[in-house]
C-alpha cells in the first residue's frame with residue numbers, strides 16, 4: 001500500500017514515500033527533502049549467524065554520480081570504491097542505531113542508503129540517517145528505536161537546524177546530533193573554538209527538534225509498520241551460571257585490578273582458562289562452551305563496572321578524572337619536514353608532517369561542488385600496536401573515521417593559504433594503543449606541525465572521556481583505556497584549544513545520556529584538555545622560526561589574469577620549460593596568483609625572475625639585453641623578454657649610417673637596446689645607438705673601418 005507522509009523541518013518539507021519502491025526489503029522508504037532524494041532499504045537474515053559474539057550490522061551509503069548530474073571519472077566510467085565522505089556517512093548512520101538492537105540478536109542486518117538526487121542546501125547524509133531509522137521502524141526487524149538526526153549550524157550567534165549551503169560556509173559550528181525521544185545517542189562535530197556552554201546549548205537545541213521528528217516517525221510506523229520478529233538468543237542455565245559465578249568471580253575480580261595491560265589480560269585469560277578446565281573435568285562432554293564463555297564475559301563486565309562505580313577505582317588504579325602519564329617529543333626524524341611523538345600511558349602515536357606545493361592539495365570530486373582539501377590527516381593503526389598479527393590492507397572504516405576526526409580537530413587552526421601557501425599532510429602512526437589513540441593523534445599532529453614551522457593559530461589537544469552508568473550511579477572517566485572503552489557505556493572524544501572546542505565525537509552503547517551527564521563530561525574534558533596542553537607546551541610551545549632545510553621553499557606572486565596564458569604558453573610549452581630549467585613546481589590560480597615551490601631559495605627566485613620577465617610590460621626608457629632573432633632590410637627584430645620582441649630600425653643601429661643590417665648584426669647576437677617608443681598596438685621600437693658613445697661608435701660598429 002503506497003503512502004506519502006510529510007513534515008516541515010527547518011522551513012523545508014520532508015516527504016517520506018512508503019510502499020512504492022523496493023518492496024522485497026524488510027523495510028524500505030524514499031525520502032525527499034528539498035531536491036535531495038535518498039532511497040533507504042533495511043534487510044535482515046532469516047536466522048542468526050552461528051559462532052559469533054557480536055551483532056553483524058553493516059551500513060552502506062551509496063553515492064551515485066547521476067544524483068548530481070555527473071559521469072564518473074576514470075577509464076571505467078562507473079562508481080567504484082566508496083569515497084571518504086561515503087565511508088564517514090556510513091559510520092554516521094551506523095553509530096546511533098547499533099545500540100538499539102536487542103542484546104544477543106545475531107541476525108545479519110544490512111542498511112543500504114542510495115542517494116538518487118542531490119540538493120546542496122539539503123545534505124543527503126541527514127536524509128539517509130532519517131531514512132535508516134524509518135526503514136528499520138516500519139520493518140519487522142527488532143529495532144528499539146526510532147532515532148532522528150539533525151544538522152546544527154551557528155551563524156552570527158544564532159543556532160540553525162539543517163543550515164543551507166551558504167549558511168554552512170559562514171557557520172562556526174558543524175554539528176550532527178542523533179537521539180531518541182529520551183536522550184542523545186550520537187554527536188559528531190567540528191567547530192571553531194566554541195565554548196562548552198555553546199556546544200551544550202547546540203546539542204540540546206538539536207534534541208528538541210529530534211523529539212518532533214521522532215513523533216513523525218512513530219506516526220509512520222504506527223500506520224504502515226510490520227510486526228517485529230521474535231529474537232532468538234542464547235538461554236543460560238541458571239543453576240550452571242550460579243555455579244560458574246561462585247568459582248570464577250573472585251579470580252576475575254583480582255585479575256582486573258592488575259595495573260599493567262598485558263599482565264592484566266594474561267591474568268584474566270588464566271582465570272577464564274582455569275574456570276573452563278575445572279568445569280570440563282566436572283561435566284566432560286556435557287559442558288556448553290558457548291554458555292560458559294558468555295557467563296565469563298558478563299562477570300568481567302560486571303566486576304569492572306562495579307570497581308569503577310562503587311570502589312571509585314579504575315583497573316589501572318587511577319582516579320576517575322586522572323590522566324595517564326604523558327611524554328612529548330619533537331624533531332625525531334631528521335629528513336622529514338616535522339615530527340612529533342605523543343605518549344599517554346600505553347598509547348603512543350608518532351605524527352609526521354610533509355609540506356608540499358599548492359598543487360598537491362586533495363581534490364574532492366563528490367556529489368556536491370568540486371572542492372579541494374589543503375590540510376590532510378591520515379591515521380594508521382597497524383596490528384602490532386595492540387600486539388596482534390593481521391594481514392595489512394588498505395585503511396578500514398575505523399582508520400578513515402579516526403583520521404577524519406583528528407583532521408577536523410586541527411583544521412580550524414591551520415593558517416590560511418595566504419599566510420602559509422603550502423599543502424600540508426600529517427600521517428599519524430599508532431605505535432601502541434591502549435585507548436584514546438585518535439586523540440593521541442590530535443596531540444601528535446599539533447607537536448609535529450609546530451616542529452615543521454607551521455604557524456598554527458593555537459595548539460590543539462584531545463581527550464577521550466568514558467561513562468559507566470547503572471541506574472542512578474554514574475562515573476565519568478577521563479582518558480579512558482581500551483578496557484574501559486570496551487566495557488563502558490560511552491566513548492566521548494573532545495578536542496580543542498585552551499579557548500574552546502574544535503571537534504567532538506560521541507558514541508553511546510546504552511539508550512542515550514541526559515543533559516547533566518553531557519554537561520559534566522564536557523567540563524571534565526575541558527579540564528583534562530588544558531592539562532594535556534600544558535604537558536605538550538613543555539616540548540614545544542610555538543612554531544619553529546625556520547622550515548626544515550628539506551621542505552620546499554614557497555614563493556608567491558600575482559599577475560594579471562590576462563597574462564596567465566603567456567606564462568603557460570602554447571600547449572604548456574613556456575611553463576614546462578621553466579619547470580625543466582629550474583626544477584620547481586608551479587601552480588597558477590584563476591585570479592593570477594602564482595605559487596612556486598622549490599627545493600632551494602635560489603631555484604625559486606630564478607623561476608620567479610623568469611616569470612616576471614614573461615609578464616613584464618616594457619616601458620619607454622627601459623634598457624634590455626636582447627637577442628637578435630631576425631634580420632630584415634629595414635632593421636632587426638630583437639627578443640627583449642620571453643615571447644616579446646621589438647624592432648631596431650636600421651637608422652637606430654648606430655650613430656653613423658649603416659648600409660646593410662648584416663654589416664652590424666647577425667642572428668643570435670646579444671645586444672643592449674633601449675625602448676624608445678611603444679605605439680597604440682603595443683609594438684615596441686628599440687634603439688641600439690642610444691646606448692653607444694659617439695666617439696667610439698665608428699670603431700665598434702663599422703666593420704670596414706675596424
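Placement of Cβ uses the backbone N, Cα and C atoms for every residue, glycine included.
Listed in Swiss-Prot:
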{"type": "BINDING", "residues": "485, 491", "note": "Mg(2+) binding site"}
{"type": "DOMAIN", "residues": "552-611", "note": "domain 'KH'"}
{"type": "DOMAIN", "residues": "621-689", "note": "domain 'S1 motif'"}
*Under DSSP, is residue 485 (Mg(2+) binding site) helix, strand or coil?*
helix
_For the domain 'S1 motif' (621-689), the mean pLDDT of the predicted model_ = 91
*Secondary structure tally of the domain 'KH' (552-611) (DSSP, helix then strand then coil)*: 32 helix, 16 strand, 12 coil
*Determine how many residues of the domain 'S1 motif' (621-689) DSSP places in helix, in strand and in coil.*
7 helix, 36 strand, 26 coil
